[in-house]
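A short worksheet on the structure shown next.
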Amino acid sequence: MSSCSDWRNIRLAALLLALLGCVVFTASVAGFNYRWHASNTDEDGSLHNSAFGGQSEKSAVHPGNPIADPMQAINSSESCTPRTVEAYPPDLFTLAQKQSGAILIHAFVSAWLFVALAIVCDNYFLASLEVVCEKLHLKPDVAGATFMAAGSSAPEMLASVIGVFIAQSDVGVSTIVGSAIFNDLMIVSLCGLAATSAVYLSWWPLFRDCGFYCISVAAMIAVIFDGIVNWYESVIQLALFALYIVVMAFNNRIDAAISKRYPRLGTGGAQRFYDQSRQQTDDSRRVMDDDELAETVAGQQQQQQIEVWTIETGGRPQVLAGSQDEEEPDVVLVNQGPESPFQPPVGLLRRVYWLIGLPWTTAFYLTIPDCRKPGIWRRLFVLTFLASVLWVSGLIYMLVWMVCAVGDAMGIPDTVMGLTLLSIGTCIPDALAGIFVTRSGLADMAIANSIASNVFDITACLGLPWFISTALLNPGSTVTISSSGLTYTAITLLVTIVFLLVATHANRMRVDKKLGFIFLFVYVAIVTAACLYETNVFGSFNPEPCPRQRL
């Protein structure tokens, strides 16, 4: 069984790497077209022999030479896209050195930062938020829609903050939109491909989250359609998030009423109906042996326990003490501390991942109190939260810098990097968690978790930085959205939600490998179309990059 499981892990990892390769290749090809068009076309549409990056010879910045006409640069910046990388300190390498191969260092650092981000969010940040929810005595649904969603979406939130306050570009919006597309399609695809057998989704959680998600995306489209975000529009986004919390506060009552009247539509109803039908079929064909019977009973007990702290709104599955038979008192996982981070795991892929992240694991172990440990450590959850926020903020700052430096050297717009590498990298931990949960027979919760996180991304992660900028720091000011292509990508995102509902309904609320391959194909197609939007292949959506201020 272990060798078979390792092979499944290898195939899933290869599939994910192949997907990343396809997306990067598409972005690179589209970026080459964008770079060639920007560097060989004047404002009047005539071609010229310009320097790399969309500058003409008279306005290009050369080492030791200032801009020929400063007023011309200021005027051109009003109708161009700011370069995110120039909001950061000067790089150790020049543009020519990065184009000659030094950019590989930036790419390696970016991948290493993704690993660090996954470790600190999963082991420390989310753990501190779980203790916060426990201390505040929040309902699982409300906790999942607020603190747990904030924990899983912390990278997207900080990317949005960097895009609004530091880079003043569209990199934050593009990252959130790209993450939403990934969560809608790719996580569903991975759940279908990872499922050992067909699993069934519940109608009410899927309808609840997708319905509210449609409203949130429609509001976002209305906000960014004119390219300007006002303070009252950010208030609308935050009000939608508050309304979602209210709905989640009454979710148990609504779900119980639906399950009482329509048993198959409530949470877990479709899966229970399928299990009963399969059990009747199995009883008529064969008799299960003792091992299979034990696995079936254990799986049913595990599902009942995890429903106590549901993952469908962002919470982690936890086994509570005393929920199993008295013959198994060893299941007190909540009161036990975590395993040592310095103990090598079992399996080749896990060992490689552990070795790559070992420097980060050591740094976090020495600087962040681990509130997962019992005793005094658990009472230090506030310090765990603050230290985790500092680490995540620094990692996201460096990550956006490195990724945008890669895109800038290759001539790829920042929005394309946000839609692809940044969004995929920040969602990989959620994707892996979805795979593991699906193999436990809980794909329903994994998919609902991904969609609920998107609601937090669209409403809070965008609305909060916009509100702080337009209402608190600079009252009456606006936030500019440079790329009109993001509007069309957001419209495409709205279509994906409808497609998710229609496809799962047509598949009889079943997640299997067929549905997984369909969603995989649709994801690649939509991300490719979004990249082509941003590179002006379908029209002039994204303004050319502003003239370089440094090389």
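Cβ atoms here come from the backbone N, Cα and C positions, even for glycine.
Automated prediction, rather than curation, is the source of TrEMBL annotations.
Summarising the annotation, TrEMBL assigns domain 'Sodium/calcium exchanger membrane region' to 108-248 (among others).
Residues or ranges marked as domain 'Sodium/calcium exchanger membrane region' in TrEMBL: 382-530 (among others).
What TrEMBL records for 103-126 (among others) is transmembrane segment. Counting same-chain residues at least six beyond the ends of the transmembrane segment (103-126), those with a Cβ under 8 angstroms from any Cβ of the stretch are 93, 148, 151-152, 154-155, 316, 338, 341, 353, 356-357, 360-361, 364, 368, 370-372, 384-385, 387-389, 391-392, 395-396, 398-399, 402-403, 405-406, 409-410, 421, 425-426, 428-429.
What TrEMBL records for 180-203 (among others) is transmembrane segment.
The transmembrane segment annotation in TrEMBL covers 210-229 (among others).
The transmembrane segment annotation in TrEMBL covers 235-254 (among others).
If you look up TrEMBL, you'll see 380-403 (among others) marked as transmembrane segment.
Per TrEMBL, the feature transmembrane segment maps to 415-438 (among others).
Among the features that TrEMBL reports, transmembrane segment is placed at 450-473 (among others).
According to TrEMBL, the feature transmembrane segment maps to 485-503 (among others).
Look at TrEMBL and you will find 515-535 (among others) tagged as transmembrane segment.
Counting residues 6+ beyond its ends, the transmembrane segment (450-473) has Cβ neighbours under 8 Å at 144-145, 149-150, 152-153, 156-157, 160-161, 163-165, 172-173, 176, 179-180, 183-184, 187-188, 206, 209-210, 212-213, 216-217, 219-220, 229-231, 233-238, 240-241, 244, 312-314, 430, 434, 479 in the same chain. Between the transmembrane segment (210-229) and the listed ranges 235-254, 380-403, 415-438, 485-503, the one holding the most Cβ pairs under 8 Å is 485-503.
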